[in-house]
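These features come from TrEMBL:
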- 603-695: domain 'DYW' (DOMAIN)
- 87-121: repeat 'PPR' (REPEAT)
- 153-183: repeat 'PPR' (REPEAT)
- 184-214: repeat 'PPR' (REPEAT)
- 255-285: repeat 'PPR' (REPEAT)
- 286-320: repeat 'PPR' (REPEAT)
- 387-421: repeat 'PPR' (REPEAT)
- 525-559: repeat 'PPR' (REPEAT)
Amino acid sequence: MRLHASKSFRSSSVFPLNKIFKSSLSSQSQPQKPLAPQSFIRSSAGKDEPVARLCRENRFKEAIDLLCEQNRANDAIQLLNRMDRPSAAIYSAVIQSCLKTRSLEDGRKVHQHIKRSGFVPGQFISNRLLDMYVKCDGMEDAKNLFDEMGQRDLCSWNVLVSGYARLGLLQEARKLFDEMPDKDNFTWTAMVSGYVRYDRPNEALDLCRMMSRCQNWQGNKFTVSSALAAAAAIPCLRIGKEIHGHIMRTGLDSDQVVWSSLSDMYGKCGSIEEARHIFDRMVDRDVVTWTTMIGRYFEDGRRDEGLHLFKDLIKSGTQPNEFTFAGVLNACSDVTAEQLGKQVHGYLTRIGSTPFYFAASALVHMYSKCGSMVNAERVFKGMLQPDLVSWTSLIAGYAQNGQPNEALHYFELLLNSGKVHPDHITFVGVLSACAHAGLVDKGLQYFYSIKDKHGLTYTADHYACIIDLLARCGRFEEAERIISGMPIKPDKFLWASLLGGCRIHKNVELAEKAAEALFEIEPENPATYVTMANIYATAGKWAEVAKIRKIMDDKGVVKKPGKSWIELKRKTHVFLVGDKSHPKSKQILEFLGDLSRRMKEEGFVPDTNSVLHDVEEEQKEQNLSYHSEKLAIAYGVISTAAGTPIKVFKNLRTCVDCHTAIKFISKIVERKIVVRDSARFHCFENGSCSCRDYW
């Protein structure tokens, strides 16, 4: 019975080496009585030695082939050591097994066996050994073998060049590349793609220009795709169009790989219309192509077009993948488009969440960023094994929404789970929760545990959070002590946190120190100038306020305009300070005027301390009345039914006057009003805020 006919051998994933060996050497006439290796060799010796050797070799090969099929390269090498003189076919099978299992040590053993046996490898075996060394990351062995080879063909050169390029050893790859007597498309592509992969696109394009000057060069889809990737990495639309022209002239424009690369290049070069034109011309669009095009729209702020294309993807019958959903949900998080996120959530629910379980993490993140913690928690609790991203998103979401106790509760649950360990981003959420709630001692405890208990290294974000925590409650000496002991240089976020604390506690001297550091780090940032002007104004230092304003004028620094937006019936309405461009502007201003009168009757006093001192008091109050978040809230109230919650987003930090005013508004109109500014969520209800005025 021949070995390859035995189903029992092939059905076993692990079969004893001795049985394999004996079975492969058993006599066909007496299968029930296998011969031991030594007796087989003795019985084969005699007057017909060449025939016996051939039979013996065939049976060894059958055994070795089976071991190689079972990925048992080491056992195959043991049999190899018992052969007189293995053939090229046997060596090839064992080398391929070493390559398949990425076993560099076993590959070296085979190479040594070849040298000891006296077998002279031909071009094929040498190249196979070379390929094994390269793909097992044994580049030193590969180079030594390459140098020893008496004959090298184009394949030999290509294998070594591509190996160096793949590992980022571009200097070594280029040296060999330049020495090559001949090159083909594979050679050029390997070198160009290596430059692209390791962020050296200019050198990749230089090589492409050299390639185009070669006589009769046409290139293939992989070469031009690498060239397009280089143009996209710079990015350079002009060069990308030149490559596009070459593709059209050489007839490569019928390949879907090339079309996909073209669309990607145009998108990364900012020409989204060209990218869409290419996309529309593609016949067989795969999910990666769809996902990339959808992502381009979201990155460009064209949310409606991205959503429309996502709907087209659903209708096309192509199944969205993890990157599609992650891209759409992350885009919703970035622009706080909760309604769009809910639509995606609904789609996931309809198709069944099991195939897209990974989307749960993105959903938790999206709902947390949009301030919908009830939904975020519901999704989180539906996960069998929440990952660290989900835990961190939930913790940070509760921290930003002014619910520090919930944030810390979930952090303790994470620690007690034993399955997931916090990282530095998780601790940013925890420290932020403590900072927003004024939990100084608790925050310091968590801060010191980062290094002492969890073995993590402090990051700049950790230091910024702990300084924010200390500065908010006026513990400036401790803050300065931590800053002076930092092993890293304080960044802009740390100094901004310190400056914010100084504004709260009117610490002019330390504020000047923080501002000086910020002016050096980012001299064009208007926030520092505005904050310092407000600090000086509150302290009555109007001459200093004038100096700040003059510096801003001289440097051309312009205050970033406040912008607020509200989403109603799937449409986003944006308001600027004093905005009168909205179709319902007249009704909004009339409503605000009525609100202003009722607020004053309730005891509201406008906070005009931070408004320019050279403006009349009445004008100051009017300026405050037209802040963008007040306009957005007013529009939300007059456009929705009584009792409907209002959610407004703002690009800047909410001012003190607006914060106080919205508390009064929430009580008067009997609405829950959520405002997310640049730092956190404020939930106003019945005249109070979730932040308890600690912000």
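Please read every residue number as a count from 1 along the shown chain.
Placement of Cβ uses the backbone N, Cα and C atoms for every residue, glycine included.
Long-range contacts of the repeat 'PPR' (387-421) within the same chain: residues 360-361, 364-365, 367-369, 371, 373, 376-377, 380, 428-430, 432-434, 436-437, 439, 442, 454, 676, 680-683, 689-692, each at least 6 residues beyond the stretch ends and with a Cβ under 8 Å from a Cβ of the stretch. When the repeat 'PPR' (286-320) is classified with DSSP, helix, strand and coil residues number 27 helix, 0 strand, 8 coil. With a threshold of 8 Å between CB atoms, the same-chain residues lying at least 6 positions outside the repeat 'PPR' (286-320) that come near it are 256, 260, 263-264, 267, 272, 275-276, 279, 327-328, 331, 334-335, 337, 340, 343-344, 347.
Within the chain, the repeat 'PPR' (153-183) has long-range Cβ neighbours (under 8 A, six or more residues past its boundaries) at 123, 126-127, 130-131, 133-135, 137, 139, 142-143, 146, 190-191, 193-195, 197-198, 200, 203, 214.
The list of residues near the repeat 'PPR' (184-214) in space but at least 6 beyond its ends in sequence, with Cβ under 8 angstroms from a Cβ of it, reads 154, 157-158, 161-162, 164-166, 168, 170, 173-174, 177, 220, 222-223, 226-227, 229-231, 233-234, 236, 239, 243, 246. Computed over the repeat 'PPR' (184-214), the whole-number mean pLDDT of the model equals 90.
DSSP states for the repeat 'PPR' (525-559), grouped as helix (H, G, I), strand (E, B) and coil, give 27 helix, 0 strand, 8 coil.
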